[in-house]
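J.: These came from TrEMBL, pasted as-is:
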COMPBIAS  1-15  compositional bias 'Basic and acidic residues'
REGION    1-25  region 'Disordered'
TRANSMEM  37-58  transmembrane segment
TRANSMEM  92-114  transmembrane segment
TRANSMEM  148-165  transmembrane segment
TRANSMEM  177-197  transmembrane segment
TRANSMEM  262-282  transmembrane segment
TRANSMEM  302-320  transmembrane segment
TRANSMEM  332-351  transmembrane segment
TRANSMEM  415-440  transmembrane segment
Amino acid sequence: MAAHQEKKLAQERKQKTTQNGTQTSQGQWGRAWEVDWFSLASIIFLLLFAPLIVYYFIMSCDQYQCSLTGPLTDLLMGNTHLSDIWNKTPVLTYRAAGIYSLWVAFQVVLYIFIPDFCHKFLPGYVGGVQEGAVTPAGVVNKYQINGLQAWIITHVLWFANAYYFHFFSPTIIFDNWIPLLWCANILGYAVSTFVMIKGYLFPTNAKDCKFTGNFFYDYMMGIEFNPRIGKWFDFKLFFNGRPGIVAWTLINLSYAAKQQELYGQVTNSMILVNVLQGIYVLDFFWNEAWYLKTMDICHDHFGWYLGWGDCVWLPYLYTLQGLYLVYHPVQLCTANSIGILTLGLLGYYIFRATNHQKDLFRRTNGNCRIWGKKPEYIECSYTSVDGTKFYSKLLTSGFWGWARHFNYTGDLMGSLAYCLACGFEHILPYFYIVYMTILLTHRCLRDEHRCSSKYGKDWKRYTAAVPYRLLPGIF
């Protein structure tokens, strides 16, 4: 079956279309068809060391009060051995396995079995059954958008337990944080392995699969574009949003509860982190239908990169600020707290307003007003693997006239605000802004490489009209 798919897909790769004098192939959508040595080396490095990086950060907080240099110094000075560090690390427990299994199962139930009702009474919210973007094979998938509903139900139950039922302690996540890490890794690897096998043996859509013949690349970057089970369980949408992002705010609340338990108060820095990251999470779920048009859904295949990343990397490293503040509570002066809050809110405004302009432009096919004016744009075309020609318009006014990815600029401003709330005593909480800068810059380059292949000369016209990527006048 796999060999038949390989042959069929190889034939489709040869289908090319000439547009504006440039040869382009829709095979350029998504991940690569072939793997160069640098990409392979990078992937093997990530597969080997990304889990160790997560462990190192969490272990540093658990054993070295969030000092990233502490473990290395002790090892180099001979004060400790790797076996000593490992022996002090909490192991997987039945309690953690039960907590994590119930958590994931609960999110699956909310995702599959409870259709969205929020869109019926929340003005402006788009939920329920929505269509995604056209895939490289020309397929348009339908999704049950109910993430906001799942977030609300989950958090209502969380607060009901904290203030009324008392079935478990609000610090339960922090208290089991490392044992839960092993559970998250098991799920991340299990899901990644399953979707790879599924891609070979029973793909949801064989035309939207990509095989390089390289095991490591296919395992990490994924084979299937939209692996699904049944009508509604979409692996990519579920794992991108649930369980990791729903858990994000619960994890921060658990950190705040632990800070209250240890010190008798919750610092304003912890409140800032909870509020600013809570706004980001709520924005994600409020605009989940819009998320269907982003790079994660439209261009990334589902493999270890998303499967393990959403289970482990996101919940454990995106919440480092709150974890750090449990060990090092910071009480900011009024001026600093106001400045950080302003930076975070301004970053969020730019992020949301920029994305709103693009979404409005797409929904109205350019028949709208941006900043009080008729929008300017570049008309372009592209062709899917089945030979169907599509037309697009690339916005060149509003924030999108300032830079080609100005939404990422706002995202980075918000990321910096989270880190600044932790003060300057340790570098650990600043990992997030460093990582996000690398991630979003890389996304810029990936997206532009894809768009250059997709649109040909039309893309050159667009980059001439909007010459900067993130920072107007600089980059």
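Positions of Cβ are set from backbone N, Cα and C atoms, glycine also.
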J.: Pairs of Cβ atoms less than 8 Å apart decide it: which stretch in 148-165, 302-320, 415-440 has the most with the transmembrane segment (177-197)?
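T.: Answer is 302-320, with the largest number of Cβ pairs below 8 Å.
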J.: Using a Cβ-Cβ cut-off of under 8 Å, list the residues of the same chain that are 6+ residues beyond the ends of the transmembrane segment (332-351) and lie near it.
T.: 267-269, 272, 275-276, 279-280, 283, 399, 406-407, 409-418, 420-421, 423
J.: Which listed range (92-114, 148-165, 262-282, 302-320, 415-440) shows the maximal number of Cβ pairs under 8 Å with respect to the transmembrane segment (37-58)?
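T.: Comparing 92-114, 148-165, 262-282, 302-320, 415-440: 302-320 has the most Cβ pairs near the transmembrane segment (37-58).
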J.: Checking distant contacts: for the transmembrane segment (92-114), what same-chain residues at least six beyond its ends satisfy Cβ-Cβ under 8 A?
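T.: Distant Cβ neighbours of the transmembrane segment (92-114) are 144, 146, 149-150, 153-154, 172, 176, 179-180, 182-184, 187, 230, 232-233, 238, 242-243, 246-247.
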J.: Of the listed stretches (148-165, 302-320, 415-440), which one yields the highest count of Cβ-Cβ distances below 8 Å with the transmembrane segment (262-282)?
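T.: It is 415-440 that shares the most Cβ pairs under 8 Å with the transmembrane segment (262-282).
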J.: Cβ under 8 Å to the transmembrane segment (302-320), counting only same-chain residues 6 or more beyond its ends: which ones?
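T.: For the transmembrane segment (302-320), the nonlocal Cβ contacts are 47, 50-51, 54, 57-58, 181, 184-185, 187-189, 191-192, 195-196, 218-227, 235-236, 239-240, 243-245, 247-248, 251-252, 255, 277, 296, 428-429, 431-432, 435.
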